[in-house]
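Here the structure comes first, spelled out in structure tokens, and everything after it is commentary.
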Amino acid sequence: MSNFGTNISSTSSVTLMGFPEMESLEHWLAALLLLLYAISILGNALILFIIKEEQSLHQPMYYFLSFLSVNDLGVSFSTLPTVLASMCFHAPEISFDACLAQMFFIHFFSWTESGILLAMSFDRYVAICNPLRYSSVLTNARVAHMGFFIVVRSFCMVFPLPFLLRRLPFCKANVLTHSYCLHPDLIRLPCGDTTINSMYGLFIVISAFGVDSVLILLSYVLILHSVLAIASQEERLKSLNTCVSHICAVLIFYVPMVSVSMVHRFGKHAPEYMHKFTSLIYLFVPPMLNPIIYSIKTKEIRRRLHKMIWTAKF
């Protein structure tokens, strides 16, 4: 009986399953994921370089975009080691401490991205609804304070998760369904009562993602109300056009996130590949698409990219 429940500190490793049901396509899937990583890392690094070098982009809107790019790089580098190990080098085992660390960083960057998108919606609200006070409201110091608060909030929310898992006894095979460590996946392993873990996970989802999404929606209701008051249709379209990139970033972040949450909580009988597919979209698509969207929709970034490509050719 004494061996029935063992503390996780005595458990050496966790096995990351990946996609065993797609073994025949494993090489193609690995190549696809590596391509997505390359696009994400190169795209976000390029956005950061352009914002740094282009003096006209040294303003709050692009500071928030640089925060988003740094965060997306963090998401990519958080999952990269285990995805490479399990899918390219057939080394699916990871120590439990490393798994907890990876879980912490994946969820930390997810919560941080939600906060950054909220800050960007506030930036758009001030720019459109109160343009005369834009420079006095969003000073460099205030932007830095907002970024600091977002990071601290995310850290405080995610910090208890590893410790709540460590207190539980583990008596099952430590096999995860993904190629990386996620909290909803990890809380299925213990044989003890995970009610506190589940309740805390639900609490931070509601208090972070829930509150952030409601405030983002509210900001766009106010923006739309302000835009509709503009007499000229051309000016209305011009104002709304400045929000398109941010709206796309919000949608490609929140839609996959809601899908992952719904599948984990209400799709217990769904095929395993559904869990894996939704989490892949959630973690891979936003970091890949964000730099593409902002490169296409932002004239200054697009102009700098054309200049760099033209210089490289000659």
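Placement of Cβ uses the backbone N, Cα and C atoms for every residue, glycine included.
The domain 'G-protein coupled receptors family 1 profile' annotation in TrEMBL covers 43-294.
Listed by sequence, the residues of this chain that lie at least six past the ends of the transmembrane segment (28-51) yet keep a Cβ under 8 A from its Cβ atoms are 19, 22, 57-58, 62-63, 65-66, 69-70, 72-73, 75-77, 80, 83-84, 87-88, 284, 287-288, 290-292, 294-295, 301, 304-305. Residues annotated as transmembrane segment in TrEMBL: 28-51 (among others).
Annotation source TrEMBL lists transmembrane segment at 63-84 (among others).
Here TrEMBL flags 104-122 (among others) as transmembrane segment.
Through the fold, the transmembrane segment (143-165) approaches residues 8, 60, 63-64, 67, 100-101, 103-104, 107-109, 111-112, 115-116, 119, 183, 186-187, 190, 196-197, 200-201, 204, 207-208 of its own chain, all at least 6 residues removed from its boundaries and within a Cβ separation under 8 Å. The annotation transmembrane segment is assigned in TrEMBL to 143-165 (among others).
The feature transmembrane segment is assigned by TrEMBL to 202-231 (among others). Sequence-distant contacts of the transmembrane segment (202-231) (same chain, at least 6 residues past either end, Cβ-Cβ under 8 Å): 111, 114-115, 117-118, 121-122, 124-125, 128-129, 153-154, 157-158, 239-240, 243, 247, 250, 254, 257, 261.
What TrEMBL records for 243-267 (among others) is transmembrane segment. Remote same-chain partners of the transmembrane segment (243-267), defined as residues 6 or more beyond its termini with a Cβ less than 8 Å from a stretch Cβ, comprise 68, 110, 113-114, 117, 120-121, 124, 128, 184, 205, 209, 213, 216, 220, 223, 274-275, 278-279, 281-282, 285-286, 289-290, 293-294, 297-298.
TrEMBL lists 279-296 (among others) with the feature transmembrane segment. Remote same-chain residues near the transmembrane segment (279-296) are listed as 33, 36, 39-40, 43-44, 46-47, 65, 68-69, 72-73, 75-76, 79, 106, 113, 178, 180, 182, 245, 248-249, 252-253, 256-257, 259-260, 302, 305 (criterion: CB distance under 8 Å, separation of at least six residues from the stretch ends).
Through the fold, the transmembrane segment (104-122) approaches residues 61, 64-65, 67-68, 71-72, 74-75, 78-79, 146-147, 149-151, 153-155, 157-159, 161-162, 180-183, 204, 208-209, 212-213, 215-216, 219-220, 246, 249-250, 253, 257, 283, 286 of its own chain, all at least 6 residues removed from its boundaries and within a Cβ separation under 8 Å.
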